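Peer 1: The repeat 'WD' feature in TrEMBL is assigned to 1-25, 32-64, 73-107, 114-146, 155-189, 196-228, 237-269, 278-319.
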Amino acid sequence: MSWSQDSQIIASGSDDGIVKLWKLNPDIMTTLTGHKHEITSLNFSPDAKIIASGGKDGIVKLWQQNGTVIANLRGHQDWINSISISPDARTIAVGTAQGTAKLWKINETLIHTLTGHKVGVTSVSFSPNQRIIAFGTDQGSIKLWKWDGTLIKTLAGHKNWVTSVSFSPDSKILASGGDDGTIKLWHLDGTLITTLTEHRKDINSIIFSPDSQIIASGSTDQTIKLWKSNGTPITTLIGHSGSVTSVSFSHDGEIIASGSTDKTVKLWKKDGTPITTLTGHNDLVTSVSFSPDGKIIASASKDGKVILWSLRLDNLLAQGCQWLQDYFTTHPEAHKSLHSCSKNYVS
């Protein structure tokens, strides 16, 4: 699931191989069909003009917002695990389950195949200053590359899967999480700053606050932990009854959203105080994300729905990835209020 930077469109991918675009205003939905199998990665370009989707069919498709396919990036020998679009929206980094790592231009030109990944690539991230690309693998290593295809450093230390890699917004620190339950903080020259070991199970999600001062991590141990950027623990957020699958900061860094296998989204103040629990999904929540303008939270679930929530916490704005008509059929008493909501945001 991915927001456009102007906060007007949200893209969602599903296991039926379909990408849906939802516009908040006007109420238009575009369905992007073409993948043969499950969508595994989805990303907007920073200028919101292009959507990149990767699937188990081994293809990365680039779309315009009207649903037109502008490029098919082929040559990957296995399903796509992760996609990242560069901050200048000119380059796409792709990692696959077989270990292929490629850099592409938007026009389908292959820039580099980054050799040396002998194992699956699990996560990809561009540094905000556009100098480095990080690829995490399923064998515990992270490779840092320059844009010209030069390998800078291989970072070793995780015992198995590197589940998440995330650069700080100021491009000074790389955080990596693993299914060994550890978080590692690195300088961009490859020097290990510290290893955080307080989580008891897999790290599923890591994100920096917008000011680069706080790190939030979500784990299979059902907790969210907040850390200073130097690795000092701040607090532990306890409340979920299932694995924490995703964490996200609001644009001002004051609120944290967390999604869980317990089917809920929880909102917290950055000091750890619980704000509210958002219920509405019928299966585990796979992703949560604040809109760039900070007004809306989007949550995606295995139930096939994307729900958009207002930061007016009692107000459900819109429901996507499932025709509202189906909802009206099974919940006729909700028709009037939801119909009004859908007119303003999504149909």
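Each residue's number is its place along the chain shown, starting with 1.
A Cβ is built for glycine as well, from the same backbone N, Cα and C atoms used for every other residue.
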Peer 1: Please indicate, using numbers and ranges, the residues of the same chain that are 6 or more beyond the repeat 'WD' (155-189) and have a C-beta under 8 Å from a C-beta there.
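Peer 2: Those are 122-129, 131-132, 134-144, 195-197, 199-208, 210-212, 215, 217, 219, 221, 227, 229-231, in sequence order.
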Peer 1: Please average pLDDT over the repeat 'WD' (196-228) for the predicted structure.
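Peer 2: In the predicted model, the repeat 'WD' (196-228) has a mean pLDDT of 96.
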Peer 1: Sequence-remote contacts (6 or more beyond its ends) of the repeat 'WD' (73-107), Cβ cut-off under 8 Å?
Peer 2: 37, 40-47, 49-50, 52-62, 113-114, 117-126, 128, 130, 133, 135, 137-138, 143, 145, 147, 149
